[in-house]
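Undergrad: Before I ask anything, here is the structure I am working with.
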Amino acid sequence: MASSRTLGTFRLPPLPTIREIIKLFRLQAVKQLSQNFLLDLRLTDKIVRKAGNLTNAYVYEVGPGPGGITRSILNAGVAELLVVEKDSRFIPGLQMLSDAAPGKLRIVHGDVLTFKIERAFPESLKRQWEDDPPNVHIIGNLPFSVSTPLIIKWLENVSQRNGPFAYGRTRMMLTFQKEVAERLTATTGSKQRSRLSIMAQYLCDVQHILTIPGQAFVPKPEVDSGVVHFTPLTRPRIKQPFKLVEKVVQNAFQFRRKYCHRGLGMLFPEARRLESTGKLLELADVDPTLRPTQLTVSHFKSLCDVYRKMCDEDPHLFAYNFREELRQKSKKEDDKQSCRL
């Protein structure tokens, strides 16, 4: 583990370009892994500047690939940069960067979805949740294939104040498909408003910082990308367990073009669905004819608070899954058909 230290200005020595690194190590983007490389260091410098002042910061980079953003982070004067890369083909190129920046770059060959970050940096960096954010940052050009499950995982970590957020309100600067970036930051009533909008915005201040055109990447993806900045809130806008909030929000957006009562009704068994849905909406003071995209975070706070009380009254309610009820119903129908034959 690195020790806390004050560093002077640092610049990497002359190195092969990212394009030359790709050629030298015969690297090719794997389409199945949604890999796309940023080669323009002016653009990677811009992304890193948007993360804020990184002088003497401790940075966790996910999915560094051939190291474009990695170089820009190192040149920002960080105290230490920890990169986690799953694809072994990129390790030699990253090792070249490590050799050029002694003591500043740590490389972990592993999976960001399972890597334990909470013990990676000095204990002295930890801050109380109500204090200013710690000098720890997460930066990453995420492969599109893992971006949504990863941000949901980290949002759950925010709610539990563990993982990267064991240090405090760790800030994140992450690249997504533009459509995902727009969903994360969508306002009430927007056509992009979604489950991701609510889950991100009830826990964090979320800003769509930058759009990166597809032609900036090699190979060129079919869609543009968006850079999103997250700062965890000192107080979540919904004070209920993450899994409960997630369940309510997921069900609300089951039928995004229909009235909200349609999806919210799926929280309850069919035998009492109409009655329980009416009770939920009445006690939460939510208009049943609103579309899911028209629901505010405050609406979801009320819905989650009432649903929590209903779960407390009925210990079996939270475990209810309408898909399982449909499956059991379908199985019974199949059994009846078999008996008739």
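The backbone N, Cα and C atoms fix where each Cβ goes, glycine too.
Among the features that Swiss-Prot reports, transit peptide is placed at 1-27. What Swiss-Prot lists as S-adenosyl-L-methionine binding site is LEU38, GLY63, GLU85, LYS86, ASP111, VAL112, ASN141, and the listing cites similarity to another entry.
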Undergrad: Let me know the DSSP-derived helix, strand or coil state of LYS86 (S-adenosyl-L-methionine binding site), please.
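TA: Where LYS86 (S-adenosyl-L-methionine binding site) sits, the three-state DSSP reduction gives coil.
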Undergrad: How many other Cβ atoms sit within 10 Å of the Cβ of GLY63 (S-adenosyl-L-methionine binding site)?
TA: 25
Undergrad: Inside 10 Å of the Cβ of ASP111 (S-adenosyl-L-methionine binding site), count up the other Cβ atoms and send me the figure.
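TA: ASP111 (S-adenosyl-L-methionine binding site): 11 neighbouring Cβ atoms within 10 Å.
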Undergrad: Can you tell me whether DSSP puts ASP111 (S-adenosyl-L-methionine binding site) in helix, strand or coil?
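TA: ASP111 (S-adenosyl-L-methionine binding site) sits in coil per DSSP, no helix or strand.
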Undergrad: What does DSSP say about GLY63 (S-adenosyl-L-methionine binding site): helix, strand or coil?
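TA: Where GLY63 (S-adenosyl-L-methionine binding site) sits, the three-state DSSP reduction gives coil.
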Undergrad: Counting Cβ atoms within 10 Å of each candidate's own Cβ, which of the binding-site residues LEU38, LYS86, ASN141 comes out highest?
TA: ASN141
Undergrad: If you draw a 10 Å sphere on the Cβ of GLU85 (S-adenosyl-L-methionine binding site), how many other Cβ atoms land inside?
TA: 24
Undergrad: How would DSSP class LEU38 (S-adenosyl-L-methionine binding site) in three states?
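TA: Its secondary structure by DSSP: strand.
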Undergrad: In Å, how long is the longest CA to CA span across LEU38, GLY63, GLU85, LYS86, ASP111, VAL112, ASN141, which the record gives as the S-adenosyl-L-methionine binders?
TA: 21
